[in-house]
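S.K.: First the structure, then my questions, so here it is.
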Amino acid sequence: MSNLYLTPEHVLQGGYHHAALRKLQEPNTSIEPHNIMYPVFLVEKDNAIEPVHSMPNVNRYGVDQLIPLLAELVEKGLKSILIFGIVETLPKDPTGTSADSVDNPVIKALPKLRAAFPDLLIACDVCLCPYTSHGHCGLLKSGGGIDHEASVKRIAEVALAYAKAGAHVVAPSDMMDNRIKAIKEELVRNKLQNQVSILSYSCKFASSMYGPFRDTMKSSPMEGDRKCYQLPPGSAALAARAAARDVAEGADFLMVKPGLPYLDIVRQTKDRFPHHPLFIYQVSGEYELISRSGDRASMQTNLMEILTCMRRAGADCIITYFAPLILSIISEKK
Ligand SMILES: NCC(=O)CCC(=O)O
Ligand SMILES: [Zn+2]
Ligand SMILES: [Zn+2]
């Protein structure tokens, strides 16, 4: 007589009753230091440490304060950083002159960081919004609206300046059409293409989850929004086309940003471009949500579960403000 409640061919739990078996059932979801990239905010004043009020435990650093912090993190395993420059006394103007001037904090810090950390991978965000008087990520036409040709040319110039100053990776976040090709060509012209790669913010959505970051960077547009260059949150199709376009133009790595609400886009992008390492940017709004998601212990459990799910969805590396905490958590587990 068959037992209705015991169907041998439908038994799954036999396959995951032991921790070692559970590991086998979750391939490619481990969180190791090379799966984490730490975004850092760099200010002009070399000795500054300025807390970011909208983001607990996040500071803006001058290079002389950043170096000892990174030394500690590198000791714990940190493998890569993503630098954002912030200017306060340098001028902001319509073309973002301070993005690549000799006084730009990123340009000044790169040689010092390369010398201090020979094994650390250093990526630089490339955008104009922290440096333009109007706060847009590209240059504007006299009547308003983005001047695409001028924007792409300017973005490529800035990317080249960071590459020359020592960035291993340039990461254009501006979202102007065709900037990847323009940057790659500029790298080739300067014979840097074999030592500098491009991490494209290929699938960057016009999300409401960037709020705390914009407070930090003081980079909100004076007028208007970014909906004409960042992707509409509901569009998987545009994300697919943007990733395909950036791959065709020579992007080395792709990105989905934000992460958590966009894991379908992560899977879609990984399935289409399995040979391109894929990054997720876990943005400031996600940081805020997770930070407030319970007491310290449950917050950490939530965080590690989310990272595991990001890896499962297809992310190879997660850019996260939680990097210092994650390094502590994974080094304690060993
Ligand atoms: N281009 C970088 C960002 O826009 C970051 C957004 C965030 O962390 O909220
Ligand atoms: Zn921007
Ligand atoms: Zn941005």
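Cβ coordinates come from backbone N, Cα and C, glycine included.
Computed from a predicted structure; not experimentally measured.
Below are the features listed in TrEMBL for this protein:
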| type | residues | note |
| --- | --- | --- |
| ACT_SITE | Lys204 | active site, schiff-base intermediate with substrate |
| ACT_SITE | Lys257 | active site, schiff-base intermediate with substrate |
| BINDING | Cys127, Cys129, Cys137 | Zn(2+) 1 binding site |
| BINDING | His136, Cys228 | Zn(2+) 2 binding site |
| BINDING | Arg214, Arg226 | 5-aminolevulinate 1 binding site |
| BINDING | Ser284, Tyr321 | 5-aminolevulinate 2 binding site |
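Each of the listed features needs to be described in terms of its position in the shown structure.
M.R.: A strand conformation is recorded for Lys204 (active site, schiff-base intermediate with substrate) in the three-state DSSP classification. The Cβ of Lys204 (active site, schiff-base intermediate with substrate) has 26 neighbouring Cβ atoms from other residues within 10 Å, across all protein chains displayed.
In the three-state DSSP scheme, Lys257 (active site, schiff-base intermediate with substrate) is classed as strand.
Following the DSSP three-state reduction, the secondary structure of Cys127 (Zn(2+) 1 binding site) is coil. Neighbours of Cys127 (Zn(2+) 1 binding site), defined as other CB atoms within 10 A of its CB across all chains, total 26.
DSSP gives Cys228 (Zn(2+) 2 binding site) a coil state; it is part of no helix or strand. If you draw a 10 Å sphere around the CB of Cys228 (Zn(2+) 2 binding site), it holds 12 other CB atoms from the protein chains shown.
Around the Cβ of Arg214 (5-aminolevulinate 1 binding site), a 10 Å sphere holds 15 further Cβ atoms from the protein chains shown.
Sequence-distant neighbours of Ser284 (5-aminolevulinate 2 binding site) (same chain, 6+ apart, CB under 8 A from its CB) are Ser54, Met55, Met209, Tyr210, Gly211, Pro212, Phe213, Thr216, Tyr321.
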S.K.: When you rank Cys129, His136, Cys137, Arg214, Lys257 by Cα distance to Lys204 (active site, schiff-base intermediate with substrate), which of the recorded positions ends up on top as the closest?
M.R.: Lys257
S.K.: What is the nearest of the recorded positions Cys127, Cys129, Arg214, Lys257 to His136 (Zn(2+) 2 binding site), using the Cα of each?
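M.R.: Ranked by Cα distance from His136 (Zn(2+) 2 binding site), first place goes to Cys129.
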S.K.: Between Arg214 (5-aminolevulinate 1 binding site) and Cys127 (Zn(2+) 1 binding site), how many Å separate their Cα atoms?
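M.R.: Cα of Arg214 (5-aminolevulinate 1 binding site) to Cα of Cys127 (Zn(2+) 1 binding site) measures 13 Å after rounding.
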S.K.: What does the structure give for the C-alpha distance between Cys137 (Zn(2+) 1 binding site) and Cys228 (Zn(2+) 2 binding site)? Integer Å is fine.
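M.R.: Taking the Cα atoms only, Cys137 (Zn(2+) 1 binding site) lies 11 Å from Cys228 (Zn(2+) 2 binding site).
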S.K.: Report, in whole Å, the straight Cα-to-Cα distance of Cys228 (Zn(2+) 2 binding site) from Cys129 (Zn(2+) 1 binding site).
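M.R.: Taking the Cα atoms only, Cys129 (Zn(2+) 1 binding site) lies 15 Å from Cys228 (Zn(2+) 2 binding site).
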S.K.: Could you tell me which of the recorded positions Cys137, Lys204, Arg214, Arg226, Lys257, Ser284 have their C-beta within a distance under 6 angstroms of some atom of ligand 1?
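M.R.: Result: Ser284.
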S.K.: Near Lys257 (active site, schiff-base intermediate with substrate), which residues of its own chain have a C-beta under 8 A away, given they sit six or more steps off in sequence?
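M.R.: In sequence order, the residues whose Cβ lies under 8 Å from that of Lys257 (active site, schiff-base intermediate with substrate) (at least 6 apart) are Tyr201, Cys203, Lys204, Phe205, Ser207, Ile280, Tyr281, Val283.
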